[in-house]
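What Swiss-Prot records for Glu54, Glu79, Glu106, Asp129 is S-adenosyl-L-methionine binding site. As annotated by Swiss-Prot, active site applies to Asp129. Swiss-Prot lists Lys133, Asp165 with the feature substrate binding site.
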Amino acid sequence: MKPQDLKLPYFWEDRCPKIENHVFYVPSYYPKYEEFVMPSWQNLFANEGPVCCELCSGNGDWVVEQALKDTSINWIAVEKRFDRVRKIWSKMSNHKVNNLLIVCGEAQTFFTHYVTDASFQKIVVNFPDPWPKFRHRKHRLFQDVFVQDMVRVLVEGGQLTLVTDDHTYLTNSIQVMLNYLSPGMQDPYYVNVKDNYGGSWFENLWRSKGEKIFCTEFVKRVGI
């Protein structure tokens, strides 16, 4: 299957939440999110295995590799750009991956309206846009409200991982996560990832430019 074989299932004026071809479409600026009844993960994946979630999935190289590596774990790939969703879907289809659901939409909207408490064993955020300019800071993913939402959907003992090439974004995000989660690494709470992290297109891009790759991990405290 080619990326262009996946067609958007509605025109903008007819947009609505919809699951089709292993893609969950979560449109922007939609006033009736709550009218869509989200199936359980067990129904979506046809099993009761653990569910992990990748945010900022890009072209899908990393998450498809993870899904193929261990088919007992279910994965959700969240990517807001439809051109990238198409590429993830193409890889998923060609590799016959059955333990992956793609979410086409904003992570915040998906979590707020469709992810119940204690849903995920792990959340991995790979190379999010750092929005480095101060006037764009409201767009940054690692802000208090959304970090609290990520904590909400993690199981007790669940893990939140951030991988980025932007050191300033890394340290700012760590300061936010320290308010709600326990660090999984010793101070300064991150490592420089020297080995191949898993075939991410963005990892390959930044390494080709000589950039360092940083990783931090946090764990949900019992009782949160």
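Glycine too: its Cβ is placed from the backbone N, Cα and C atoms.
Fewest other C-beta atoms within 10 angstroms, among the binding-site residues Glu54, Glu79, Glu106, Asp129, Asp165, are seen around Asp129. Look at Glu54 (S-adenosyl-L-methionine binding site): DSSP puts it in a strand. Annotation note: Glu79 (S-adenosyl-L-methionine binding site) sits in a strand segment as assigned by DSSP. Taking CA atoms as the reference points, Glu54 (S-adenosyl-L-methionine binding site) and Asp165 (substrate binding site) are 17 Å apart.
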